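In TrEMBL this protein carries:
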TRANSMEM  35-56  transmembrane segment
TRANSMEM  361-378  transmembrane segment
TRANSMEM  385-409  transmembrane segment
TRANSMEM  456-478  transmembrane segment
TRANSMEM  484-506  transmembrane segment
TRANSMEM  559-578  transmembrane segment
TRANSMEM  874-893  transmembrane segment
TRANSMEM  905-924  transmembrane segment
TRANSMEM  930-955  transmembrane segment
TRANSMEM  976-998  transmembrane segment
TRANSMEM  1010-1033  transmembrane segment
Amino acid sequence: MRMACQAVALSWRANLTSFERSLCMWITKVSIKHPVFATMVILALLVLGMASYGLLPVERMPPVASPQVFIQLSYPGASPEAIENDLIKPLEEQINTVNGVKHIWATAREGSAFMSVEFRMGANSAGGLQEIRDKVALIKPNFPKEAKDPLVLKADISGESEPVMQLALRSGTLSLRELSMLSEQMVIKRLRTAPGVGSINSNGLVNRQIQLRLRRDALNSYGLGVDQVMNAVREANQDVPAGRIVNGNNEQLVRLEGKIKDPKQFGKIIIARQANTPIYLEQVADVVDGEQENTSISRLDGQSVISLDVFPIQGANIVELGEGVKSAVEKMKASLPAGAELTVVQANSDDIKRALSDTKVTILEGGILTTLIVFMFLHSWRSTVITALTLPISVIATFIVVHACGFSLNMLTLMALSLSIGLLIDDAIVVRENIVRHLGMGKNHVQAAHEGTEEIGLAVMATTFAIVAVFVPVAFMHGIIGQFFFQFGITVTVAVLVSLFVSFTLDPMLSSLWHDPEGDRLKNWPRMGRFMAAFERQIEKLHHIYGRFLAWSLVKRKTVLAGAMAAFIASLFLLPFIGTEFEPKVDNGVLRLQLNTPIGSSLNYTDAKTKQIETALKSFKEVRSIQSAVGVQNSKNMAEITLKLVDRKQRRSQNDIEKEIRKVVGRVAGVELSVGGWKPIFITVFGPDPSQLTQITSDLMKKIAKIPGVVDLESSEKAFTPTLAIKIDNEAASDLGLNNAQIGSALRALISGETISHWLASDGQNYDVVVQLAESDRRTASDLGDLYLTSSKTNSDGSPLRVSLRQVATLENSSSSQQLKRLDMQRRVSLYANVQGRPSGTVSNEVQALLDKTELPPGYHFGAGGQQAEMQEAFAAFLGAIGLAVIFIYFVLASQFGSFLQPLAIMASLPFSLTGALLALFLTGTTINLFSMIGFMMLLGLAVKNAILLVDFANSAKRAGQSAKEALLEAGQVRLRPILMTTAAMIFGMLPMAIGLGEGGETQAAMGRSIIGGVISSTVLTLIVVPILYAYLDGWAVKRKARKALKLALATN
């Protein structure tokens, strides 16, 4: 059986090798014999690549199809508890029956709620969206009539959910009301004409409003109720079509024109008659042409503004959209009234352009450094050009497939190309170096090009396919991470395959035609010639040292292997000191602060505290601009401040500035501060009793706050909002002709105000007409108790019976939750925290250890979430991809060498690449994260690249009759130079990425540093460990063959 397997393997290898060699040689032979044809093929790739590049959409990150559906709910004036019971719970029961639903999240605040339905990956989210809409439509008739229609939307986490541009409209002469009118009537309308613009959100608006401010005493003196006033205004302020009249051949429309032209005329509306005397609205109310009550305030550098956030439509080219909006802004400036100014506060499109530009510069710098390395080794500018041409051709040609696959030009596709710089030139280096070696044997250029490529062709194909074997699993990882890195994996795979094609076509073709001159190639540059000679002497010395050390290692095999294993094991002890996190924190020059004042604070109080913090922030020289928004998330006690910093070259790191801001703002009394956006620490506590949940989370917060590195710790369970509870005596109300709906409707109109009509102004705009009790009459519980309601019953004289609120209700001071959170039909309380000075993954592990030790009452449990859960999912996906990559690499190696055992000798060197990677991360203070994991994966392919070159030549030497030791020593000497060249090219190609100076450079730096460290260690250990393992396997094979021969001889005798 074993002999049959060997026969199959040898036959498979022979057939596959023959096919590979034939294909490789056919491509090379055609290119050498038909150089014009080969040139046209390359030019065609360049032309198509450049055309494809121009057609690529531009965005920061690739779009990710999120299997989520959002539901927005509005129930004006309702408490979070009422929204939970009347809207959320009925919806949860319906939505939970939809196929494929994984989680249902819900947050209820005063007057509104937000639900998020998360589907399992692979579920039909489009069908789920429609099914949810059907469920919502089915249950909507059961909602309270005051609740507005739910809005069901498909989620988008592709980055297009962020505004492309933030604008500010301000003036030193115009009022905020005038600016608001200008914004809605001109600015927003013109911005919407720019290609790609979706929605535009405004903040800080002060909208014009016709206010009917009812006077309580006047209503009481006339015996009138608010519903009488509302009905009278509605009936008076309307146009009524009456039909048409026909007179002979003429026809006329008849219309009753009752719409009020002047706001003052509202005061002349007759709302009732008493003793045949009309009672006018102006007798019981003040008619004011005013503004609606402020719910938000927006400022830029201390000046009140109207802020506008511009969002794109799905699939829009973000950079082109940004330029279109800027163009529209410039055109509008000439049309703005004197004193009005429209400015661009934050252009995310510019940030994207800058980040992509920095990545392109990184690619260019890596290409230049790689080319210099090639020149230093080959000492020929012709050889350097022949080799370096692979870089631009491979990069440009890759855009053909990027466009064909519907990808965009984003950080990950460009990062893939940046990562590939060292890889793309590897094949060309190995091919050209081998051609030069054959020229040194005295062959002519055509023969050297053909035979040099043929000799190394299979090894080059194997090294390239090893890289492909690594990155194909990356492209097909599961979950959101898999979608996120799909474009990355495909881009790297295509780029290295194109470089392989160029290495087998353009390189041998140019090598056969474009000869180096005879004699000293650097005679015109004597200094460079001396430098090159010195460099070459060092390389020769290295050859000599390596040869002696390899010979010694093949004798002291156990000692060397023990040393390599010790180095690997020692590197694992660095893991606790390196730390983990989901992704590196990026210094993008923008800081966001969230502020919370005590629950129940007025908008003006929160605004005053925000101004106090703005003043403190002005002392930071690194701050270029300060933008504030007060009253965010429909909460008067919440504010956000966005700081735009000066260029990173002119300031401290963003982390240092954040630390200083926490100290300064922490001195402002009455404010809770949180710095940054999404907090990495996220803990959820589930349980049935709200008060018990509050106690558990309070105790837990005290423990978590003691963990080093935890900052900005807060709970979703906020302090209770002061509430005035009105409890209706249903029996008394019924006896007096009232019910809850009547009472609630009247109170909402009197207290919150109600839009009862619209007024058409001379500018063609409709403005709300709102009835509301004057502010002075709705300040205390006593004021509300004195309100009179109109009953359905009448007095003896036929007039409506009027009932005071305190006759049918009691008013009690109480409190209610500011917000309620639910998950999977359960109440939950969540804790959030930022991390400062330590890796977030390390802190998360300590928090998890604390949770594991915490005992909870029956019915209560913790839930994982946030970056910790995402990091675990991502790392699990990467480990699965690494496992697949190792399997595929084995397939490639077994196919290349026609052996089931030889690949094991090569792959045994894979763990040693981790030694240098971990050391590099430790020395540079870089964490293990998504992007350093990509570096780890790439090291798998790079480690076997060098080993393949070494083992392939050793096998050839053995087949030529040399012993294993002689073959290994010769392979080490012959392959040392190309291995050093490819390693140096990779290191210097990665160097700009590892330094990470550009926009978003932190993510690239993690990848580059892990690769550089791993390449260095894997190269050193591969050159020593692989020959030793090869020798062990060869010795074992020789002994096994001898035993078989002995058995056969004994059997024969």
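Just so you know, glycine gets a Cβ as well, placed from its N, Cα and C.
Bear in mind that TrEMBL entries carry predicted annotations, made automatically and left uncurated.
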The transmembrane segment (361-378) vs the transmembrane segment (976-998): 3 or more CB pairs under 8 Å: yes
Cβ-Cβ under 8 Å with the transmembrane segment (484-506): same-chain residues at least 6 beyond its ends: 24, 27-28, 31, 38, 41-42, 45, 61-62, 64, 386, 389-390, 393-395, 397-398, 401-402, 405, 407-408, 410, 412-413, 415-417, 419-420, 423-428, 430-431, 453, 457, 460-461, 464, 467-468, 471-477, 934
Touch test for the transmembrane segment (930-955) and the transmembrane segment (559-578), at least 3 Cβ pairs under 8 Å: no
CB contact flag for the transmembrane segment (1010-1033) and the transmembrane segment (385-409), at least three pairs under 8 A: no
The transmembrane segment (559-578) in contact with the transmembrane segment (976-998), cutoff 8 A, at least 3 CB pairs, sep 6+: no
Residues of the parent chain within Cβ reach of the transmembrane segment (35-56), under 8 Å, 6 or more residues beyond its termini: 393, 396-400, 402-404, 407-409, 498, 502, 505-506, 509, 512-513
Distant-in-sequence neighbours of the transmembrane segment (976-998), which means Cβ under 8 A and at least six residues beyond its ends: 355, 357-359, 361-362, 365-367, 369-370, 372-374, 377, 418-419, 421-423, 425-426, 429-430, 433-434, 539, 542-543, 546, 942, 945-946, 949-950, 1004-1005, 1007-1009, 1011-1012, 1015-1016, 1019, 1022-1023
Long-range neighbours of the transmembrane segment (905-924), counting only residues six or more past its ends (CB under 8 A): 564, 567-568, 570-572, 574-575, 577-578, 886, 889-890, 893, 932, 935-936, 939-940, 942-944, 947-948, 951, 1005-1006, 1009-1018, 1021-1022, 1025-1026, 1029-1030, 1032-1033
